[in-house]
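Record features, source TrEMBL:
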| type | residues | note |
| --- | --- | --- |
| TRANSMEM | 41-62 | transmembrane segment |
| TRANSMEM | 112-134 | transmembrane segment |
| TRANSMEM | 172-203 | transmembrane segment |
| TRANSMEM | 224-243 | transmembrane segment |
| TRANSMEM | 263-282 | transmembrane segment |
| DOMAIN | 364-483 | domain 'Cyclic nucleotide-binding' |
| TRANSMEM | 582-602 | transmembrane segment |
| TRANSMEM | 614-635 | transmembrane segment |
| TRANSMEM | 794-811 | transmembrane segment |
| TRANSMEM | 1090-1108 | transmembrane segment |
| TRANSMEM | 1120-1143 | transmembrane segment |
| DOMAIN | 1288-1387 | domain 'Cyclic nucleotide-binding' |
| TRANSMEM | 1449-1467 | transmembrane segment |
| TRANSMEM | 1575-1596 | transmembrane segment |
| DOMAIN | 1791-1906 | domain 'Cyclic nucleotide-binding' |
Amino acid sequence: MTTATLPSKYYDDDEEEEVDGDQIIHWSNLLFLPFNPTVKAIVLIAVIIKTVMGPIQAVYPIVYCWDTLDYDTSLILLKGAYLYLCDPIYSIDTLLHILHRQITDEAMKREYLPKSGFLILLDIVSLIPFFSLLQDGPCAPVEFSPNIYAFSEFVIIYRIADSFSILSSHKIWQIAIGYTLMLIISVNCITCFFILLTMLGFCPRCNDGVYDWRKFVFQKFNETDTSFSTYVYAASFVLTFFVNNQYDETKPSTINEYILMDAFMLMGYLLLIFVVIPKMVAESMLRLRRMGSYYPKVQRIIDETRRRNISPKAHEDVKDFYSLIWEKRSGITSVPEVISEIPRYLRVEIRLDLVWPIFYHSPTFRKTSNSYKRWLCEVIRMDYKLPGEKFFAGPNCYTHFYYLKSGKIQLISVDDGVTPLITLTSGTILGDISFYLPTPKRKVFVQCITYCEVLYITRVDVLSSLHKHPIDRRLILQHAKDRVRHARTLYTCKQHVRGLDRTEDEGVSWVKKRWWEISDAVRSNRLSIGIDALKCKFSVEETAYHCAKYIGQLVLTGDEQLQTKSSFLYTKFPWILVPHSYFVVIWHRIVVGTVFFVLVLYPPYLSTKSCPMWFVLFQLWTDVIYICDIFVMLLTAMDGQDNIGEDYTIVIFSRCKTGKFMLDVLSSVWIETLASVSGFPQLYNLLQFNRLIKIYVLFSKWDIRKDPLFDVIHKIALIFGSFSMITSYLLYMFDRAHVELRTSYFFGEIFVKCNSTEATSKCDIEFTNPYIILLAWLLEFIFYEYLPGSLLDIYVIIVISYIAFLIFVYSKTDLVAMFYLKYREIVNYQYFVSNIKDHYRHYKVHPGLLMRLNKYLICHWKYFKGMDVLHPNLLKNEPYDIYWKLQGEIAEKIIRESPAFVHADPAFIKELAYKAKFLMLPKNCTVSVFGVQTKTVTWIVQGYITSEYHDLQGEVYKKLYCPGDFVSTCAVFLGRPSLRTLYASTECEVLYMKVIDFFHILKSYPNEWSFFDVCLEKYMPVYDKMVEDYVKKYKDLAYYNSKGLLITDLSERLKHYMRRGFICDVIGSVPINPIVSVVLSRRVEQDEEALIYTASKFAHFYLIMGYFDYLSDMPNRNIAFYMIIKMQVMTILVTLGACHYFVSRCISFVWDDKYNMINMTRRNHCWLPSHLPLDEHPTLNQLQIVYAESFNLAQSGLMRFNLGKFHIDREYLGVGITLCILGIMFWFVMCYSLTLLVLNFRGNTLFQHGVGQLRRFLQAERVDKKLIETAMTHFRYWWFRTIEAADTLLHGGESLERQLVSAATQWFFLPGEVIVREMDLSPWVYIVHRGSILIKQDDEELAKLTKGSIFGQLDGIKPRPVRITAVADGYADLLQIPIKDFQDVIGDETRERIKHCPQAKHDFMAVKKTVIENPYNSLPYILRGRKTIKLPWMATPLRARTDTWYARWLYLCWFIFPAITAFIVLLAKAVPDHCEHRIYWILFVLDLFHIVYLLTEFYTLKLVVQNGECVERIQKWHTFKNWSYYIDILSLTIPILTHFTGDWNYRLARLLRLRHFYYFHHHFCKGFKSQIAPILLKFVIVFLSIHSMTCGWIYVACQHEKFPIQVPPLPAAINKTIDYDEWVHPTQRRGGCPRLTKNFIVDGKVMFGLVVPKNWMSDYIVAITHILVIYTHTEIDIVVSLTLEEMYYKVLLNLIIHPMEIWVLSCAISAVYTKFRELFTYDYDVQSLILYLEHNGLSSVLLDSVKEYTKQLWQRQRGNWLPELAQQAPQCLREDMLCALYMHHVETPPLFRELPEYFRRQLVTKLQRVVIFPGKYIVQEGDIFSCMYFIHEGEVEKWYTDKSGEKKMLSLLSTNGYFGLIPGLFPNTPYQFSYYSRTVVDFVFLRHRDWQDLLQGYPKIKYDLYTAAKQLKKDLQKNIL
């Protein structure tokens, strides 16, 4: 690095420090080793070893004491790494991280953030050998302490999450691998802890015998080492709770194990519900968001084009365009806005890389300077052209320079407009010289023949660039002169030649011939080698009047490329196919069909011993198709290879580099033949599964013609089907090859005889029915019945189940995300409608106005689902041609055909059409009102409008306006009030534009304006006289017609019915049994008839679904509520139907002719559990049990697990298939309901989250705490808050009021909050709506403004300093109106009134007479609601604000006491009689507290309206008018009846106090600071629900006087496994919750015993475990239903748990959405930007730079420096916050330091912030970029170029320095130095254009500032001469 002093010819406008070369710290490089990727990988391996081996050491001393790891090389290496490498490596890493935190300056140079102190503390804890230090000896016996300290190494598991970026990464494979590693390590840790507790004993006798969980697998421990077997089975038991799949019979056996199992279940449930699913839902939303957002927008455009445009092909063209845009650009047609957050240097580099072909191909710009190119690249834009679109025609060819980036165009002769002269393709330049020549007469125009992408520059931008760069200006203009001179020379030569052919004379033929000659010469030269390759010889020119000097600006298209419908790009061998030609599409369909049949046929038939002949032929067909597909793919051009010519090698090599090519090769190689030849014939069939690799082709890319939801469902079905098909048959083949696998464990009872002792031939399937394997595996996997027989079984099932778990999570979250995206906008609109109506109801708006609003909202819901309201600028970023097809053509047609514009200038009509907008109006909507000035120009597009007017005699006349009519002609043209009332007689669509915009356009056409002037002179006096007469006479008349259109035509109604429910009604009404009998050609049995009858009645199901759809089809109704109820009703009805089927599969009924039951017979394949007896001829009681259990069975299918020991037959598959269908339906219902709940509640905490984000940002910037609290208080008031004003001053009547209100925005201010400051630029007018405002000037109070007063800039539309300061005197509501809108609304008469008002000179106007406020619309009434109390001894009332004793008291009375009361009351049903007295005293104390609460309610205050005023009244005896008070009294009095009746059920009346949860929710959970309270409330609700279900189970199943069933005697082996210190036989205790023992076999039948706990506390533990098993869907049978009551209670539990689970999951997803919304929004924007840049061909180096920058930007500043909420703050508050942040920067330069304080305060609000990482150029020498930089943090190097061209560093700028002052003040001044970031630099910058409004508003300050700046600039440049 070279350091130099400042040369005299450079001016210096920054603050600098000299550089000391000795400051560089070379040895510090070692401190950054932890950030090296290789070192991080080594540390990760060490972390994995430590976190795995550390917990194992706590139970098995395999490292220090055992020789387990000494028998294998890999294990020896593992042991050595753990002993000698892991701790040293991790110690060095930790030490370097600690040292790294101490050198922040050097760290900023390397871009690395310091590690958190808490994480370093965890690292240190993991390194301290607590276990070794506290252990008595290296091989001491296992004890809880110190062995528990061995788990300290597990705490660094966070390093795995950090290494794989699980929280921030969006790569599915990365998340899956990281999560899998963390899960394995966590399960290992929990397993070791579980084994440690097992070794210590779960019960007092557990060390004396096998009484714990090991008894269920004890007989399998002899398979290998006992310790290893124990570990494996314990790990499988622990993993059960995390993947929800039980692997063995293992169950808890002791009370402590039950408690631990509850903890495991909760851990697994919380992990899945609150971590895994919300994270993956967010990832799915991010992945599918583009598709889910693009499709509805495009469909709306297509539908609108189809509806409006008369051309039958217009919507098809639009659809094709958007399909192409999605294919080529992923639907991104404009630069994402997130690019604005990227520093300028990177933006310029990106732009230069994207538009470099312009500078490369254009002779005009090729030799310009780098600074000129950097400036010009920022104004180059991209546009998209549709096939057939014309451009570079008319005035456009003189003002635009075009570069054809892709596509093909033709030059069309203007003589006939159809003759193509020449065809050009990508690389062509048009208009290179047009900017610099007088307007010539063009003989051609350009037309696209394919989709084209063009880059263009406008003439204005080029002229501006020439103005800023004088040297380049001279170069470019000289080049233009030379080209013109050369052209004239050629033309002169041409004049001397006679008899030329026209085409030759024009030069078209010569261009074609000469271009191809040069092209062939260049192509031939490329094939040369040696020195000749550097030379390229061209043939000599044959003419003197043509020259090929500039022919490189054109790129001609070959004949093959012109054949757009051809299938070949190159017609000679080897042919090159067009990517999307007909042949390629048909071939792809053949391949897809083949692959689908491969997926369906290969697995089952390869698993058989002998394949049928047709399958052998199909194998041959498959191999041929696969090989041919490789050749077709190699010869098919890739996208973007349209112009490759005959160079087919490019295509081949491009294809070979793709991953798909490798997959195709792997799927086509005959590996099985190689294996057979190599001596492994047994692998022949297995290796043919490689053909299934090609199933990736089944996962087609999404296209705009498909609904994204169907695409997601299709892919989910493919994933599930492929997994099931491949896994089942591979597993079967693996099972046949390994006899140690237990076949029945994987495939159920069909293969129950297949074991290691029998020949495998007995288990081989017949090829006639090969799919039995798939069905058997599915049923056993979902509803398992058999147990594993070996460790290999456990290994295999763990792998399979974990893959299935990942597929389940992926599929479920994808479906939820797609539902979310599908219904997001609909729910948003309903949410918007609900909020706006609640807002107006809260402010007591007139019901009539609400009805009108409701009609408008319903109309837009009916036609557009409210999308035009939420997204009014649908076509904002769409190509112009799309806009024209959708709106422009029809608008132009309607305007042109209206009588007032029949002979108007076409250009004038076209401009009107461009400005006009479409709007849908509801029926009876008023378009204009008699006597009110019309503000819009309106044409009718569809529908009818009725006009009412009166003659002089008062007669009412009506006129009907039809589609195409122009309404209110006179009122619009003459600018006077309308003499007619217009309203929509039907729902109609209108075309409208503002009158102001209409006249602005009209004035730009002098000819049209002259005609209009004549019209005014002729008709204005007459119309004014009519207005004066009519308005005065009839202004009070009003009339509305209520007629509407109703379709009554019978044929139309019949067609509608036939298309909808006719077939379903026929099926549901007509007897189906006879028809089925005829079809089946056999007699239908009675059971089948009943089932058919039941199924046919479900045909009417659509009526119920349609009814709920009808109820929810309103924008003001909650769609989530109705749809969730619909889904629950559907679930219950389907469950009832399934129950009927299940009963019929278990019992056969016989009926007589009158349908009376005669007999019942048990079926052999009944699914009833073995512990429930069922006779051959069941009794009625047994029938009731079967029916109750059928509910449980159906719900088992719904809840996706077999809980109840049901026997699901594998031969009669009807029950199993029905259960699978129920499971799929439940999955769909859950995802659908979950999505609606998330949508319904997702926005409730966003505002709070935004405020919290702002608080954290201000605190991090060390802003004054008082200012932070002020900002928080303001937003808190906004949270609580969410117009008849000025007419007394302005006297404009109702019309003025309407227009002012429509232009106003409502603001809320706190007491003492400053609204505007004196001398500030405040371009608004404020109207006092509520409250009062103090007006001050020079700190002297001038006036106090009340309702209706106005203040602000009352004159002019150019902002100027206001003359007063306005401060809120108490709470105040204001209406804010921009000054331009204010001046547009008021008339000349009002302006004169303001001008002559004395107060207006001080920028305010106070009302003379106080306006009486409606008390119900006053601030005290609006702000009501906070609980207030005034006890007799209190002097002032006390409000329940945070941290007051009254708030804490309400917290107790509304939340804690009711929760405790409910818990104890419910628990009282589960405790024995001897514990009642304890409960009594606890309840008595709680009742006393409740009595005190009721007494305090007498002294609460309530705001009431009395005599027109709001007053606070103490309730006292008014409390008895509240019905809820009586409920509280009942909760006290009813329990007293217990003492008189002895019935303790009366105590349940105390549960009425749970209604106080609503008060708690309303007052504490919906508050601004409420973050913990909502979580606590939800937790308590869930906890009490589970507690109540537990107590209910104890009441139903555990308090029998006599045990309900006969318990079989337990064998001695089973008795030995039961600890009778904790359990007893059911007959030895009254009541008790029975649990299952280990299974045993009696007479070949699997049986189980029952035992009950010894005490009631253990009963509770067993019962809550059973409830948690159901709630978490854990597949462990510990309790079974024994009685009819228990069965129905379990049904009830499932009905409660299902919606409860959906609600809990929706809360979890909503919380994660709120917390990580900014991250995923930012990442989506970044992904959009990266996709956009990729599609535009950005180089990979720059693309990586963008990715790295955006990643680091998020890590440092969360993607944005100032939270978006700060921009919504009022002007003065925003000034205060930004002044606290950045004022010291503005005060650093002497030029700004002397400016007035009020100017600097406003200047700070114009600053922006950006971060730049080390080693980047901020600006380069010679750049013209009018911006000044202030260094907030970091260091910047200042460089210059000396006379010899060498770059040298001049100085170093540090924190609080600045540079670019002169370029920032003088826009055309280039930078004289280059500035380079040495460290991570946090900049605050000020663009010249951003503060021009301030300079214009303060001309004196501008003059003084620039006078001083010019002097400074002169002083800095004084030595230049």
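Placement of Cβ uses the backbone N, Cα and C atoms for every residue, glycine included.
Counting residues 6+ beyond its ends, the transmembrane segment (41-62) has Cβ neighbours under 8 Å at 34, 68-69, 78, 81-82, 85-87, 89-90, 93, 126, 131, 138-139, 142, 147-148, 150-154, 156-157, 159-160, 163, 181, 185, 188-189, 191-193, 195-196, 199, 227, 231 in the same chain. Within the chain, the transmembrane segment (224-243) has long-range Cβ neighbours (under 8 A, six or more residues past its boundaries) at 60, 183, 187-188, 190-191, 194-195, 198, 213-214, 217, 250, 261, 264-265, 267-269, 271-272, 791, 794, 798, 801-802, 805, 1672, 1674-1676.
Between the transmembrane segment (263-282) and the listed ranges 614-635, 794-811, 1449-1467, 1575-1596, the one holding the most Cβ pairs under 8 Å is 794-811.
Contact between the transmembrane segment (614-635) and the transmembrane segment (582-602) holds: at least three of their C-beta pairs are under 8 Å, each pair 6 or more apart in sequence. Helix, strand and coil counts from DSSP across the domain 'Cyclic nucleotide-binding' (364-483) read 41 helix, 40 strand, 39 coil. A mean pLDDT of 82 is what the model gives for the domain 'Cyclic nucleotide-binding' (1288-1387).
Nonlocal intrachain contacts for the transmembrane segment (1575-1596), taken as residues 6+ away from its ends with a CB within less than 8 angstroms of a stretch CB, comprise 1455, 1459, 1462-1463, 1466-1467, 1469-1470, 1554, 1557, 1560-1561, 1565, 1633, 1659-1660, 1663-1664, 1666-1668, 1671, 1685-1686, 1689, 1693, 1696-1697, 1700, 1704, 1707. Residue counts for the domain 'Cyclic nucleotide-binding' (1791-1906) under DSSP, helix first, then strand, then coil, are 34 helix, 41 strand, 41 coil. Long-range contacts of the transmembrane segment (794-811) within its own chain (CB-CB distance under 8 A, at least 6 residues past either end) are made by residues 172, 176, 180, 232-233, 236, 239, 243-245, 247-248, 276-277, 280, 284, 716, 719-720, 723, 727, 731, 734, 741, 745-746, 781, 788. Counted with DSSP, the domain 'Cyclic nucleotide-binding' (1288-1387) comes out as 21 helix, 42 strand, 37 coil.
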